[in-house]
Number of protein chains: 2
Amino acid sequence: MKEVRVGICGLGTVGGGTFNVLARNAGLIAGRAGCAIRTVRVATRTWRDDIDLGDIPFSTDIMDVVNDPDVDVVVELIGGYETARELVLAAIANGKHVVTANKALIAVHGNEIFEAAAEAGVAVTYEAGVAGGIPVIKAIREGMAANRIDWLAGIINGTGNYILTEMRKGRPFNEVLQEAQDLGYAEADPTFDVEGVDAAHKLTIMASASFGVPLQFDRAYTEGISRLTPYDIAHAELLGYRVKHLGIARRREGGIELRVHPTLVPQSHLIAQVDGVLNAVLVDGDAVGQTMYYGPGAGDEATASAVIADIVDVARTIQAGGQGRVPYLGFAPEAIEDLEVLPMEYTQSAYYLRIQALDRPGVLAKVASILSEHGINIESIMQKESEVHDGRIPVIILTHTVQERQVNQAIEELEALDEVDDQVVRIRAENFN
Amino acid sequence: MKEVRVGICGLGTVGGGTFNVLARNAGLIAGRAGCAIRTVRVATRTWRDDIDLGDIPFSTDIMDVVNDPDVDVVVELIGGYETARELVLAAIANGKHVVTANKALIAVHGNEIFEAAAEAGVAVTYEAGVAGGIPVIKAIREGMAANRIDWLAGIINGTGNYILTEMRKGRPFNEVLQEAQDLGYAEADPTFDVEGVDAAHKLTIMASASFGVPLQFDRAYTEGISRLTPYDIAHAELLGYRVKHLGIARRREGGIELRVHPTLVPQSHLIAQVDGVLNAVLVDGDAVGQTMYYGPGAGDEATASAVIADIVDVARTIQAGGQGRVPYLGFAPEAIEDLEVLPMEYTQSAYYLRIQALDRPGVLAKVASILSEHGINIESIMQKESEVHDGRIPVIILTHTVQERQVNQAIEELEALDEVDDQVVRIRAENFN
């Protein structure tokens with residue numbers, strides 16, 4: 001039985017988990033892959049006493065892995081953009097397959113990397129980059145292969161989902177963020193997680209694999225959860241909705257929607273029940289309908305599970321004697337369609353609007369008339385005398401689906417009203433039908 | 001660009017869906033597969049006016065498909081055991097790859113079929129046989145490849161789940177079954193669905209692919225939902241549980257558990273929220289933890305989605321120039337472990353017990369003492385004076401996890417008590433931790 005030899009770059013959380021799982025389940029993994037999968041070299045700058053490398057050679061220079069003629073598969077787990085890019089391109093140039101957990105790298109440099117890999121005839125896989133241990137890239141690129149995927153929506157950042165779950169108990173954002181940092185769920189600088197950048201990386205990748213379009217991270221719309229209040233979360237609940245931080249991609253006539261933002265989802269939908277640090281991705285195909293993939297989106301061994309699944313995929317393909325089997329984005333390069341991401345103003349959504357208005361007769365009529373002038377239909381409206389505060393009363397409106405542009409114009413006019421002296425709160429809503 | 005040529009056997013619900021989706025999404029599927037996938041022959045006895053075969057040759061003899069030298073992949077959608085077995089073995093003997101949606105065939109004749117296919121060097125895939133459009137076989141055989149899978153549990157029969165969802169409203173089994181038949185969710189003879197045979201077929205397949213053991217359908221324990229009452233379903237809810245018809249497989253020291261039966265699951269667990277005709281499979285791996293796969297478990301195009309995903313897999317492998325890539329059960333034949341299914345008495349579970357006892361002093365003490373003598377610990381107990389009826393009072397007990405054998409013995413002794421003149425109701429319970 002031939003063996004497939006792996007070189008691991010980076011021995012942090014995921015790198016350590018990958019090394020350990022490969023060692024612990026070596027026999028079982030060999031049984032599945034049809035050959036042994038052996039770690040033959042490691043490069044790391046973060047030395048870990050808790051990992052026993054045995055007599056496996058290691059160094060602090062990642063290029064030692066890339067240049068080692070014994071290595072068949074380079075596993076890139078160092079993160080970041082530029083060094084990772086150089087590492088991966090060098091590995092490809094040396095004819096090595098690449099497995100990465102680096103969503104930022106793929107979302108930003110994926111087009112260039114896949115082109116180089118296609119030329120060199122090597123695999124580059126990235127399951128671990130999206131939704132951690134959940135095999136959702138496999139589901140999209142292979143399991144959904146019969147379908148025209150119409151849209152997908154995912155809870156793809158565990159930190160954000162943990163914070164929103166806690167905020168449902170009435171706790172403010174800053175307090176929960178602090179707690180998440182203390183628990184190690186959130187980084188010292190939480191921007192990537194709470195402002196949606198991390199989710200936008202993952203969404204960009206899933207969208208391209210779903211629709212067969214080039215990676216366009218710089219065109220993704222990103223809005224975080226830091227300005228959400230327990231007040232709006234509670235009122236969304238009263239309307240039958242739950243607020244989740246979703247990445248949403250949708251195929252539209254002439255382009256695709258690509259957006260990360262807080263979103264009202266029906267409480268009755270399964271995705272509303274996904275709480276805490278867990279992830280879930282909902283994928284809608286024209287043949288299958290809605291499917292959902294749920295599990296841990298982070299963690300050392302959960303992410304390692306996806307890294308190793310990719311390694312086994314590569315090993316099985318090598319064993320079978322074939323070339324790279326599944327195209328990088330799930331579509332043959334010549335089948336990639338040059339569809340652009342639509343500007344945010346042209347996306348479509350329903351909206352939760354909270355208008356802080358003076359408690360005077362006639363205000364509601366003015367609000368309704370502005371919405372109507374912009375073609376915005378109201379699904380629900382909520383205004384409670386008991387909530388008058390400082391002479392102001394919140395008017396909460398849930399609209400039908402409409403173009404973002406129309407809502408922008410309406411909000412501008414609403415904010416210009418004498419009776420409205422605060423910003424209108426706007427949270428998008430999806431009904432998944 | 002080469003093409004892969006498909007012959008479809010059976011043009012019923014799934015066959016028709018497969019033909020239509022292959023035709024409708026031909027361009028997209030070719031883009032994903034890297035080559036055109038063309039239906040070149042159809043055999044059907046159930047002629048359908050609503051399907052336009054164009055100039056594709058068809059006949060009523062399935063062997064015409066198997067013997068057609070133009071066919072690369074035989075798609076078996078006729079169902080049943082013996083004819084399907086002959087068809088598939090003949091296709092394999094002719095060197096053709098096989099894609100099937102027939103869970104009964106694989107669960108019962110899979111070992112023989114896979115052996116023949118291995119010898120002939122062809123692929124036999126069966127994603128559509130388990131949980132319809134949900135790519136759960138792919139998740140298990142490929143996505144979880146790093147993991148020692150410890151257990152899995154699934155809602156894998158939509159008819160049964162629909163009935164249980166309706167019974168939660170207090171409706172009796174027979175009334176809901178009739179309705180399900182009227183709606184077309186249940187067959188005229190509902191035995192396969194409501195007695196768990198269909199679920200046991202699917203469970204058998206998932207267990208073998210998860211643990212790397214031979215298919216052992218005849219060893220699966222099967223218990224249906226027809227004897228469940230709205231009373232017990234309501235009382236399970238009071239205890240914080242929901243009743244679901246689950247297929248459960250667990251790897252144990254010295255054997256595997258393989259069982260289909262009504263099961264109490266915690267209301268707070270995501271799988272408890274899966275209602276109606278939908279399916280979901282929960283898979284627990286040592287590295288990744290719990291993941292769940294959710295979607296439609298039946299339907300023409302939903303099942304076709306899985307059939308075509310398998311065809312695309314085969315086409316991608318042919319294109320890549322390799323042999324069958326993923327082993328039939330996810331493990332290389334030499335890695336299949338000869339672990340047997342444990343007799344039901346040696347499986348472990350928690351239990352919901354309802355004892356219909358005479359309302360006399362001292363009865364509870366006798367009940368508790370019998371349980372204690374058999375090493376059965378009580379987690380919750382519920383007895384309400386208001387439920388006395390005909391001088392009898394129900395005692396409802398939720399136990400901790402214990403061996404089935406101990407519970408059998410305790411039930412025997414409970415039923416022998418003078419104060420108990422009715423059968424003890426027993427429903428197993430799982431906490432998924």
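Each Cβ is built from the backbone N, Cα and C atoms, and glycine gets one as well.
Note: A:LYS202 (active site, proton donor) has non-local neighbours A:LYS103, A:ALA107, A:GLY129, A:VAL130, A:ALA131, A:GLY154, A:ILE156, A:ASN157, A:GLY247, i.e. same-chain residues 6+ apart with C-beta under 8 A of its own C-beta. According to its DSSP assignment, A:LYS202 (active site, proton donor) is helical. Look at TrEMBL and you will find A:LYS202 tagged as active site, proton donor.
Taken from TrEMBL, the feature NADP(+) binding site applies to A:CYS9, A:GLY10, A:LEU11, A:GLY12, A:THR13, A:VAL14, A:GLY15, A:GLY16. Sequence-distant contacts of A:THR13 (NADP(+) binding site), defined as residues of its own chain at least six apart whose C-beta falls under 8 angstroms from its C-beta, comprise A:GLY299, A:ASP300, A:THR303.
Annotation source TrEMBL lists NADPH binding site at A:LYS103. Packing around A:LYS103 (NADPH binding site) is summarised by its Cβ count: 26 other Cβ atoms lie within 10 angstroms of its Cβ, all protein chains included.
Annotation for A:GLU187 (L-homoserine binding site): spatial neighbours A:THR159, A:GLN181, A:ASP193, criterion Cβ-Cβ under 8 Å with sequence separation of six or more. Residues or ranges marked as L-homoserine binding site in TrEMBL: A:GLU187.
Residues or ranges marked as domain 'ACT' by TrEMBL: A:352-428. As a whole-number mean, the pLDDT of the domain 'ACT' (A:352-428) in this prediction is 94.
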Candidate with sparsest Cβ neighbourhood (10 Å radius) among A:GLY10, A:GLY12, A:GLY15, A:GLY16, the listed binding-site residues: A:GLY12
Neighbour count (Cβ, 10 Å) for A:LEU11 (NADP(+) binding site): 23
Number of other Cβ atoms within 10 Å of the Cβ of A:CYS9 (NADP(+) binding site) across all protein chains: 27
Listed in sequence order, residues with CB under 8 A of A:VAL14 (NADP(+) binding site) and six or more positions away: A:LEU77, A:ALA101, A:ALA128, A:ASP300, A:THR303, A:ALA304, A:VAL307
Extra residues within 8 Å (Cβ to Cβ centroid of A:CYS9, A:GLY10, A:LEU11, A:GLY12, A:THR13, A:VAL14, A:GLY15, A:GLY16), NADP(+): A:ILE8, A:GLY17, A:THR18, A:PHE19, A:THR44, A:THR46, A:LEU77, A:ILE78
